[in-house]
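The structure under discussion appears below in the form of structure tokens.
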Amino acid sequence: MKKLKLHGFNNLTKSLSFCIYDICYAKTAEERDGYIAYIDELYNANRLTEILTETCSIIGANILNIARQDYEPQGASVTILVSEEPVDPQLIDKTEHPGPLPETVVAHLDKSHICVHTYPESHPEGGLCTFRADIEVSTCGVISPLKALNYLIHQLESDIVTIDYRVRGFTRDVNGMKHFIDHEINSIQNFMSDDIKSLYDMMDVNVYQENIFHTKMLLKEFDLKHYMFHTRPEELTEEERKVITDQLWKEMREIYYGRNIPSV
């Protein structure tokens, strides 16, 4: 896409939001409580603040304010307000390619925020537990928040990820013409590194004319030992392993497709 010479500030708003899910099987009520306590501590407000602060570093944002809170009985939220310093838009890389992990990208934001909320959950029957984190990176300025996507997926290693990216508003060039997007994109996947893409099955649902992009990700490899909490698969009978595997796989597919799947 040809670089634009703008009249004034870039008024486009670019929002990246995604849900990450971690799935676990806990055999007893005590194990379920233990998993919820473990995941709640692993993703407490302090750790989430560290992750979001590093996200700001990656996209070059300047932190104005941090609000964070842990909740009882579980859950946490963090919101960071960020601002922009002067930057030459001609120096910003707007091509479609994966963003860095912890390295810094020279870019700055204005009237923008980054926030995360967590939702640990379990059911009293069946042993299935899920952890969901909702993350939103919303920016006004010359850079897409997709540059932070790689880092966030690596930090929040997840079984299922659903991602939405949209560009809203418009900005004008020096001739007065409105522009409703200022960078090329045909898939969120183009902003992911090869190692991430090799781990997940992915599908897109995009509405190009509305500048709305959606990608779903489901972990390819399934190893039961990674989903058991305080129980080893070899401690179970073959029939128990099959039942639990079927339960977990069904749960993951239902979350991935966003609908209940009838039991066969």
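The backbone N, Cα and C atoms fix where each Cβ goes, and this holds for glycine too.
Annotated features in Swiss-Prot:
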type     : residues : note
ACT_SITE : Ser112   : active site, schiff-base intermediate with substrate
MOD_RES  : Ser112   : pyruvic acid (Ser)
ACT_SITE : His117   : active site, proton acceptor
ACT_SITE : Cys140   : active site, proton donor
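Features per Swiss-Prot, on structure.
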residue : record                                               : Cβ neighbours (10 Å)
Ser112  : active site, schiff-base intermediate with substrate : 26
His117  : active site, proton acceptor                         : 17
Cys140  : active site, proton donor                            : 19
Alpha-carbon spacing, the residue listed as 'active site, proton acceptor' to the residue listed as 'active site, proton donor', which is rounded to whole Å = 22
How far is it from the residue listed as 'active site, schiff-base intermediate with substrate' to Cys140 (active site, proton donor), counting Cα to Cα, in Å?
-> 6
Let me know the DSSP-derived helix, strand or coil state of His117 (active site, proton acceptor), please.
-> strand
